[in-house]
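To start, the structure under review is shown below, and the notes come after it.
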Amino acid sequence: MRALVLAAGKGTRMKSKIPKVLHPLSGRPMIEWVIETAGKVAQKVGVVLGFEAELVRKALPEWVDVFVQGEQLGTAHAVMCAKDFIEPGDDVLILYGDVPLISENTLKRMIEEHRKGADVTILVADLEDPSGYGRVIQDGDKYRIIEDTDLPEELKSVTTINTGFYVFSGDFLLRALPEIKNENAKGEYYLTDAVNFAEKVRVVRTDDLLEITGVNTRKTLVWLEEQLRMRKIEELLENGVTILDPATTYIHYSVEIGMDTVIYPMTFIEGKSRVGENCEIGPMTRIVDCEIGNNVKITRSECFKSVIEDDVSVGPFARLREGTILKKSSKIGNFVEIKKSTIGEGTKAQHLSYIGDAFVGKNVNVGAGTITCNYDGKKKNPTFIEDGAFIGSNSSLVAPVRIGKGALIGAGSVITEDVPPYSLGLGRARQVVKEGWVLKKRKEE
């Protein structure tokens, strides 16, 4: 089985410089949804590109065969551009890059039906308002498809539509393609004409509107996004996740969340994030591509491409940037930013700190206002803080620098040299007190 994805269209009605198939749906380009599903049912996958072909090609996996349709002259013309992909002894599944939610189950039903002996198998649906769609007309055991623009008045009441999804016998398709003409209202080469040439046609029906909805406008894309969002929320609710306000919660379809986790309002969980069991996430929190363990609490914070182990507390108002690893039972508090750093088990950084390019050991106390000065104007430098160290408030650690095990840094210090284990590090001017100075100054005035 081969699958050919037609994705050459510009998407004029999207009013965008971005190719239509690259617009995201639940965090992934539309065409990525189609390629993934195609790869589950077919041994080879090909894609026909057109508008901004090179840009779309970069978004495709390397194992996909790519063909280019220089001028968009219809669906049959697109398939002709990939003629070398079609093998006489193999079946071909036709999919579309802007119809992203076609299901694996439906495609398997089509393939199974086709293998009962057909030149072509069509996926059809019945719509209350079929306007704009080609109609599937049955005459005994024969079927033909008429495009909406070419439909005679007496057939406009037919509600069975052609979804555009087909399985063709490779032998039949190679014979039919040269016979297709562009004698229609739009002057295009329609793949539906190949169906009309077929002697053996089989039909599979779907009643799932989502999987046959094509995206031609941003309005449709937003509608699909909302339907997919609610499907995901319903799935999570059924699997033991509490979502306090579904109306303000946005969770991408690829996200995994464990049971007894509570999601508070205004929370966004995106990408390939995985959240463990018995967590509290939100409110007003955004999580992107993170691995989160069990019993984690994150509130009013942002976390990007980070790993958060069990029993960790984050926030409020913390920011975890890419490359952050928070070990078990660590605590990150308000207005703390961490970038490309590992925070050891039981370590606390609870107030107003920046930790970047650092390796912090176990049970370290990072005092309020601590800054790792990692950038020297040319490159980023590392800071090492070993187990059990105590960093006093308002300290600046000028990297590269190492704070030894159990060392103590006095509050307000600027540390520019390594501090050995169990040592006191001070880097500040001695306090000066001038008794009675204020009263004396007032008298002078």
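Each position is counted from 1, following the chain as shown.
Glycine is treated like the rest: Cβ placed from N, Cα and C.
The acetyl-CoA site recorded in Swiss-Prot comprises A368, N374, Y375, S393, A411 together with one of R402, R428, namely R428. Straight-line distance linking the Cα atoms of S393 (acetyl-CoA binding site) and H351 (active site, proton acceptor), rounded to a whole number, equals 9 Å. Contacts of E147 (UDP-N-acetyl-alpha-D-glucosamine binding site) defined by a Cβ separation under 8 A and a same-chain sequence distance of 6+ are given as G134, N184, A185, Y190, T192, in order along the sequence. Most other Cβ atoms within 10 A: among the binding-site residues N216, N365, N374, S393, that distinction falls to N374. Separating the Cα atoms of G9 (UDP-N-acetyl-alpha-D-glucosamine binding site) and A368 (acetyl-CoA binding site) is a whole-number distance of 55 Å.
According to DSSP, N365 (UDP-N-acetyl-alpha-D-glucosamine binding site) sits within a strand segment.
Nearest Cα neighbour of D98 (Mg(2+) binding site) among the listed recorded positions (G74, R321, H351, N374): G74. Ranking the binding-site residues L6, G74, N216, N365 by the distance of their Cα atoms from the Cα of Y375 (acetyl-CoA binding site) places N365 first.
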